[in-house]
């Protein structure tokens, strides 16, 4: 869920993809070139269908396209990930897509993000912190990039490490957040694709409980190696 937000403009999320299983939209993802989508490892399911160029779930765009995964790549062959590490998955589409009015890739970041940046996150996730209410069109919200400790301190039960390849983002006073169904979607800071929605509190958007995002910049070498055909590439330790 994107909470405390507004409906996205139909033209501002050409890179956003929707992951379906059967008829259920369960995660988002980001098109990074004509053949590859980046999302969260915990979004891995059997029989994924990928919709590109989608805005309304009820009224299709003329240029919507559907794909299925040709290959999936994880940091570890075991597909393991934790709350603080390796929640990232690369999906190779079964055939390339063409740019269109509502489809275009989002570039990988050229520099790391800075704490204090205003970031935008996008998704079709729940729009109520307590009710199973899902929107027809994706919602967008601006949140702040925070110190990692801001995500570590509120969750002592998770025993998160002192350092992490995870970004922390949210609004400390609460009210704005990603939520159930937004996993795998992008966090865009100062125009750059910096994070993949990973996990947060439930109920969402609670004060002093921001959410965590996989840090894309730290995984650039792995992403670029996999795309180049070096399928034995390893993620950063």
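Glycine residues also receive a Cβ, built from the backbone N, Cα and C atoms like all the rest.
Features reported for this protein in Swiss-Prot:
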- 42: active site, charge relay system (ACT_SITE)
- 87: active site, charge relay system (ACT_SITE)
- 183: active site, charge relay system (ACT_SITE)
- 27-43: disulfide bond (DISULFID)
- 119-189: disulfide bond (DISULFID)
- 151-168: disulfide bond (DISULFID)
- 179-204: disulfide bond (DISULFID)
- 2-228: domain 'Peptidase S1' (DOMAIN)
- 80: N-linked glycosylation site (CARBOHYD)
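Structure with Swiss-Prot features highlighted.
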residue : record                           : DSSP class
27      : disulfide bond                   : strand
42      : active site, charge relay system : helix
80      : N-linked glycosylation site      : coil
87      : active site, charge relay system : coil
119     : disulfide bond                   : strand
151     : disulfide bond                   : helix
168     : disulfide bond                   : strand
183     : active site, charge relay system : coil
204     : disulfide bond                   : coil
Can you tell me how far the Cα of residue 43 (disulfide bond) sits from the Cα of residue 183 (active site, charge relay system), in Å?
-> 7
Rounded Cα-Cα span from residue 151 (disulfide bond) to residue 42 (active site, charge relay system), Å | 19
Go through 151, 168, 189, our disulfide-bonded residues, and report the one whose Cβ sees the most other Cβ atoms within 10 Å.
-> 151
Nearest to residue 183 (active site, charge relay system) by Cα, among 27, 87, 151, 168 (recorded positions)?
-> 27
In whole Å, note down how far the CA of residue 168 (disulfide bond) lies from the CA of residue 87 (active site, charge relay system).
-> 14
When you measure from the Cβ of residue 204 (disulfide bond), how many other Cβ atoms are you left with inside 10 Å?
-> 27
